[in-house]
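Database features, via Swiss-Prot:
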BINDING   TYR18, TYR41, TRP76, TRP77  substrate binding site
ACT_SITE  HIS22  active site, proton donor
Amino acid sequence: MIRKAFVMQVNPDAHEEYQRRHNPIWPELEAVLKSHGAHNYAIYLDKARNLLFATVEIESEERWNAVASTDVCQRWWKYMTDVMPANPDNSPVSSELQEVFYLP
């Protein structure tokens, strides 16, 4: 399993709405994530900095990257553009983090 972590931003006035939209996420999005090998996906909110910290375990980079081209992911990204900064393709602005420590 490959562990990944990344950060995103959420708009200051959208914390509650961001949480509402994720509880629960769309069933079809959950199915796509799972079918593409995502496990133990979690997102944490730092309200003071409007920061989202996400972790996920994936089976392969290729399958994880393929999620972005699915119709449901494209619709989800568009749905989320009013609550967080987005790239021109509507994907959330994010930065991948480098793992520096792991205790199994």
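Cβ atoms here come from the backbone N, Cα and C positions, even for glycine.
Straight-line distance linking the Cα atoms of HIS22 (active site, proton donor) and TRP76 (substrate binding site), rounded to a whole number, equals 11 Å. TYR41 (substrate binding site) carries a strand DSSP state (E or B). Listed in chain order, the residues near the substrate site other than TYR18, TYR41, TRP76, TRP77 are ARG21, HIS22, ILE25, LEU29, MET80, PRO92, each with its Cβ within 8 Å of the site Cβ centroid. Reduced to three states, the DSSP call for TRP77 (substrate binding site) is helix.
Pairwise Cα distances among TYR18, TYR41, TRP76, TRP77, the recorded substrate-binding residues, top out at 17 Å.
Around TRP76 (substrate binding site), the same-chain residues six or more apart in sequence whose CB sits under 8 Å from its CB are ILE25, TRP26, LEU29, listed in sequence order. Using a 10 Å Cβ-Cβ cutoff, TYR18 (substrate binding site) registers 19 neighbours.
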